[in-house]
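Undergrad: What TrEMBL shows for this protein is this:
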- 12-35: transmembrane segment (TRANSMEM)
- 319-338: transmembrane segment (TRANSMEM)
- 345-367: transmembrane segment (TRANSMEM)
- 373-396: transmembrane segment (TRANSMEM)
- 417-436: transmembrane segment (TRANSMEM)
- 442-466: transmembrane segment (TRANSMEM)
- 510-530: transmembrane segment (TRANSMEM)
- 832-852: transmembrane segment (TRANSMEM)
- 859-879: transmembrane segment (TRANSMEM)
- 885-910: transmembrane segment (TRANSMEM)
- 931-950: transmembrane segment (TRANSMEM)
- 962-989: transmembrane segment (TRANSMEM)
Amino acid sequence: MFKLAINRPITVLMFFLALMIFGLISAFSMSVNLFPNVSIPLIKITSKVNGDLNFVESKITKEIENALSEIDGVKTITSAAYDNFSVSVVEFKLGKNLEVAANDVRDKIGTLSLPSKPEIEKISSDSGSAISLFLYSKDKLQLMREINDKIKPFLQRVEGVGKIEAKGFLEPQIRIELKPNELRKYNLNALDVANIIKSQNFKQALGELNNNQDNYIIKGYFEATNLEELSNLRIKTGVFLSDIANISSLYEDEKQSALYEDKEGVLLELGKITNYNTLEMIKNVKNTLPILEKQIPKDISINVLYDKSLNIHKHLSQVIFDMVLGIFLTLVIVFLFLRNLSATLIACIAIPTSIISTFFIIDLLGYDLNRLTFIALTLSIGIFIDDAIVVIENIAKKLKTYPPLQAAFLGINEIGFSVLSISIVLLCVFIPISYMNSIPGLFFNALGISVASGIVISFLVSVFLIPSIGARFLNPKESKFYEKTEAFFEKIEQKYENLLYKILQNKAKFILATLVFVGLSFALATRIGLDFLPMEDDSEIQVLLESKKDLSLEAMKEKSLNLLEKIKNDSNVKYAFLLVGYDDAKDATKAKIYVKLKNLDERNLRQSAIVSLYRQKFQDESLKIKILELPKIEGAGIDDPVQFLILGDDLNTLKEAASQAKEILGTNARIVDISDNANATKDEVALHINKEKAKLLDVNPQYIAGVLGYSFSQLSVGSMDRGNSKDDIILSFAPEFKKDIEALKRISIKNNQDVNLELSSVVDFIYSKDLKTINRYNKNRSVKITAGVNDLSLGAVQKLLLDNMDKILNNNPSLSYAFSGFINLLGETVQGFAMAVVLAFILIYLVLAALYESFILPLIIMITMPLAFGGASIGLFITGHNFSLFVLIAIILLFGMVGKNAILLVDVANKKCHEGLDPDKALLIAGKSRLRAILMTTFAMIFAMLPLALSRGAGYEANSPMAIAIIFGLISSTLLTLLVVPALFKFCFKLDSKLRKIYEREKLN
């Protein structure tokens, strides 16, 4: 096969050109995202019902949870019961098809007898807001109508656009605002008016007319067609609707408010279709905005407030820059070692060929391009060129004594087995990753597939393309630069040979010293923090506000605006916008401020410093204020870094445990923004009917509920056609009559004899507080404790909680706990990493044992892996970085890298021993002959990653620790490989020889 490649250079060249062409096509057509597509299958079930909190929990939420728990593949069920509605979010295990999950949920929910049909919504974790638009107009009603009629339908038709959420949108309505004084004057109440309107304003099918030839549907159109007709609707003799109410075309009462630049408008959050290219979708939206602006009134302004593509471009541009710089530094290193321009250029063909061709394989396997893909390729530059260096160096040696074609064949034939062994070992490292069926596993997979694809291409390039080109273009003539510097390299080789001789004479001491190093470095690793994803400077943060009192929307807006102004005055801030009532319940006591910071080079402080500053600066006794960096994984409900759940049945017991947990977290000053969701209450006026008075006065409680509902709620009494849509007709008291309890007491009701009474004559009014919501997790009531961290790892927080768990739960068997969010993912990361490493070690051993026909040699090669981990730990400790998902991914890659050097050394030593040399001589020859190749490949890999390690641009918080771990791991592993592996080889040689005598007694010819 090697001969075929050398003899048919055009065939080989065309094959790799084809791969590169397909790679380029894939690179420009693949979906591009910041992170791998983390498709968490989530289904949201919202059920509306007329009932209080406890009724909703017991009759709706629990029933839904019981049904959901019977579905295969359910991971967690998170629910919240509110007055009049319930929300449940079911998370399925990864791999569950979202459509299948939604159908399963529909089938199960369909078997329940619920008061109303629940709304079932599929949530894809990659369908979060990709771009957000703020719309404003002085004419608020016109804006709402344009959004409904033109803007949303237009944007929905843009290619790639998925779900559109309108924050701050107010549904246009026909408002009938009753005047209580006029109602009393005409002996009426709200229920009377509602019944009269509904009896006179409707549309209804009334039957059919049939004859021998024709069939006619009879429909009654009794609806008012305009405000004037509605105003003239007769209530009673001489009394019209306009006499007792103000009628206007307006919009629903505000429950949510979006503000930007002191203007109140609507925030449209546009998600993308699942698996659609994020950059392409955003580009499509931006390209169509000028067209949209021409189709709507000129006074409606559209501002882009959030653009996910900017962050993606920023991160990818930085990684690509680091990769290109790494390639350049690698070329320099290779040239300094080879000191032959033709050899350097030929070897470096492997880099672009491997990188570009890898895109084709990644695309073929169904993956997208993301930040981890490019990081993986950057980290692998040294690997891609490594095999080519080894091959070209060996061919160069043969050229000194053989003609070019023969030199190329002998060179690749001699080193081919080592190259194959190295590639297989590297692939073995990544095979176990495919078994990681978890969110961290998706990240590991993205890197693993990228590197593994590159390794396969790199191997093919090294054994086919490099010999083919080298046989024809490699110049064996030594340059003047080579002659001047050769003495330096020979001196290094001689010193290493002398050192190696001493080591072989004192092998036990060096092996013992190595074991001590490994032990100490593993002990050091336990002192390094553990995080899921490092916080990065993405120039955006969010401020969450929650009032400690039950405030109106206007009052909360006023408090939030005060803080918004302070934030906007910060010189580090580019702009900010406010959203009041941002959660599912549109709770007016909760607000969120999105803060867009200036670019890193335009501000004085890094994002983490600004977050710390805001935590100190923004304190308000009436508000709970949390400063958070935006979650890296969308759709999983991950906002707060620390999320800890206490589960049980009794709310008071849960509150006590939550209070204890907060107290324990508060003992560490670096744990900040500690809060829980146990004490959120709302003010209410409880109406208790006096049964004796009601019986005496002959009053029906159901009738009272009807009167109050149409007086103080926003209930529909019909609709009015408006073009292709309808406006609901809403009946209620005018706002000025809904401000205090006195207005409630004076409500006029009637008894069964049609006698007018005041509500206060049969009802007692009591001010009280009640819970806003009851939260549940996996069919248990729950309290969630959340917190942020300031220069503290999540692993340390988790340890603090676990160490004090008995104290938190007070040894109460009815209580249990769970972690959610990033802390939960942290556990999955460590577990997946441990499993992947164990499986990788087993696979590497099996493959090496098969390749070398030895039980002992694989163990000698594999000693480099714990040595590398020790070096990585030292590097992280010195630089102050934590272990994280990214670092653990890098360490897995490192384990594959470091085996290469040991294989090069052991392979030659093993061959020399089989040729009859004693181990000492074999090792001295192997060490001296492979020293340059080992140093060159190590330096090439280190310098390829140096830009990533030293960069302070976008994403350095995650990228730099990865590169640092690999660089320090390579340094420690290479130094110890050159010193300890020979000692260990000699130490184990006799045992290996004895074992070989058992299974190599005879061989068939």
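Cβ from N, Cα, C; glycine included.
Annotations in TrEMBL come from automatic prediction, not curation.
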Undergrad: Taking pairs 6 or more apart in sequence, does the count of Cβ pairs under 8 Å between the transmembrane segment (962-989) and the transmembrane segment (417-436) hit 3 or more?
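TA: By the criterion, they do not touch.
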Undergrad: Which residues of the chain, 6 or more past the ends of the transmembrane segment (12-35), have a CB below 8 A from one of its CBs?
TA: 5, 126, 275-280, 308, 311-312, 315-316, 352-353, 356-360, 362-364, 368-372, 443, 446, 457, 460-461, 464-465, 468, 632-633
Undergrad: Do we see three or more Cβ pairs under 8 Å linking the transmembrane segment (417-436) and the transmembrane segment (319-338), pairs being at least 6 apart in sequence?
TA: no
Undergrad: Any chance the transmembrane segment (442-466) and the transmembrane segment (859-879) have 3 or more Cβ pairs under 8 A, given the pairs are 6 or more apart in sequence?
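TA: Between the transmembrane segment (859-879) and the transmembrane segment (442-466), which are separate recorded stretches, there is no contact, as judged by 3 or more close Cβ pairs.
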Undergrad: When you scan the chain for residues with a C-beta under 8 Å from the transmembrane segment (345-367), skipping those not six or more beyond its ends, what do you find?
TA: 16, 19-20, 22-27, 29-30, 36, 327, 330-331, 334, 338, 373, 377, 380-381, 384-385, 387-389, 392, 445-446, 449-450, 453-454, 456-458, 461-462, 465-466, 469-470, 473-474
Undergrad: Taking 319-338, 373-396, 859-879, 931-950 as candidates, which has the most Cβ pairs under 8 Å with the transmembrane segment (510-530)?
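TA: When the Cβ pairs under 8 Å are tallied, 859-879 comes out ahead.
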